[in-house]
Amino acid sequence: QRFPQRYIELAIVVDHGMYKKYNQNSDKIKVRVHQMVNHINEMYRPLNIAISLNRLQIWSKKDLITVKSASNVTLESFGNWRETVLLKQQNNDCAHLLTATNLNDNTIGLAYKKGMCNPKLSVGLVQDYSPNVFMVAVTMTHELGHNLGMEHDDKDKCKCEACIMSDVISDKPSKLFSDCSKNDYQTFLTKYNPQCILNAP
């Protein structure tokens with residue numbers, strides 16, 4: 001399967017709780033986020049998607065939305081904030097919020113399916129739940145996958161243990177997308193052809 005080249009200009013926002021979690025050390029957070037983006041890039045390379053971090057905003061003074069442990073509420077607030085505030089400051093294709101808040105229902109991430117390029121829906125929420133940066137990167141890769149039209153791997157149809165779009169994260173997640181995920185992405189491209197990811201940054 002050969003995929004056309006696409007480029008995602010990603011904005012990552014770090015909430016105030018995460019800023020405090022890393023002892024208000026912005027440099028430490030920057031290093032962590034850059035490592036995360038490197039991992040995400042590696043996982044998307046087989047799909048011919050290049051991810052660039054085009055903005056990193058750290059909410060060092062206070063949260064600019066109310067971050068609640070109800071992930072769907074926080075995701076909706078963040079989507080509204082992206083549309084009304086962030087996009088007016090700087091263009092981006094997609095924005096993800098990294099939070100130190102413990103999300104409800106054993107959730108470690110949430111994103112709108114097929115949201116890519118939509119002003120309000122091209123967002124994700126990821127909990128910085130593990131000291132291991134790769135584990136958090138896999139979660140963001142998973143949530144970006146939803147933005148790109150991917151469903152969870154069906155246990156029967158997708159023979160892929162611990163692949164990125166598995167509905168539960170494994171202790172040793174793989175760096176691979178299942179064939180199902182690749183097909184979902186191909187379908188999304190064909191059906192919607194999201195324009196914002198066509199241009200190189």
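Every residue gets a Cβ built from N, Cα and C, even glycine.
A helical conformation is recorded for Glu143 (active site) in the three-state DSSP classification. Residues or ranges marked as active site in Swiss-Prot: Glu143.
Taken from Swiss-Prot, the feature Zn(2+) binding site covers His142, His146, His152. The Cβ of His142 (Zn(2+) binding site) lies under 8 Å from the Cβ of Gly109, Ile164, Met165, Ile169, each on the same chain and at least six residues away in sequence.
Annotation comment: Swiss-Prot describes Cys117-Cys196 (among others) as disulfide bond. Under the DSSP three-state reduction, Cys117 (disulfide bond) is assigned to coil, being neither helix nor strand. Around the Cβ of Cys117 (disulfide bond), the same chain contributes Asp93, Cys94, Pro194, Gln195, Cys196, Ile197, each under 8 angstroms and 6 or more positions distant in sequence.
Neighbour count (other Cβ atoms within 10 Å of the Cβ, all protein chains): 19 for Cys180 (disulfide bond). The feature disulfide bond is assigned by Swiss-Prot to Cys158-Cys180 (among others), with experimental evidence given as support.
All protein chains shown were included, and the count of other CB atoms within 10 Å of the CB of Cys163 (disulfide bond) stands at 21. As annotated by Swiss-Prot, disulfide bond applies to Cys160-Cys163 (among others), with the evidence given as experimental evidence.
Residues or ranges marked as domain 'Peptidase M12B' by Swiss-Prot on the basis of sequence analysis: 6-201.
If you draw a 10 Å sphere around the CB of Asn72 (N-linked glycosylation site), it holds 14 other CB atoms from the protein chains shown. The N-linked glycosylation site annotation in Swiss-Prot covers Asn72 and is backed by sequence analysis.
The annotation pyrrolidone carboxylic acid is assigned in Swiss-Prot to Gln1 on the grounds of experimental evidence. Counting every protein chain shown, the number of other Cβ atoms lying within 10 Å of the Cβ of Gln1 (pyrrolidone carboxylic acid) is 10. Under the three-state DSSP scheme, Gln1 (pyrrolidone carboxylic acid) falls in the coil class.
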Cβ within 8 Å of the mean position of the Cβ atoms of His142, His146, His152: remaining residues of the chain near Zn(2+): Gly109, Ala111, Glu143, Gly145, Met150, Glu151, Ile164, Met165, Asp167
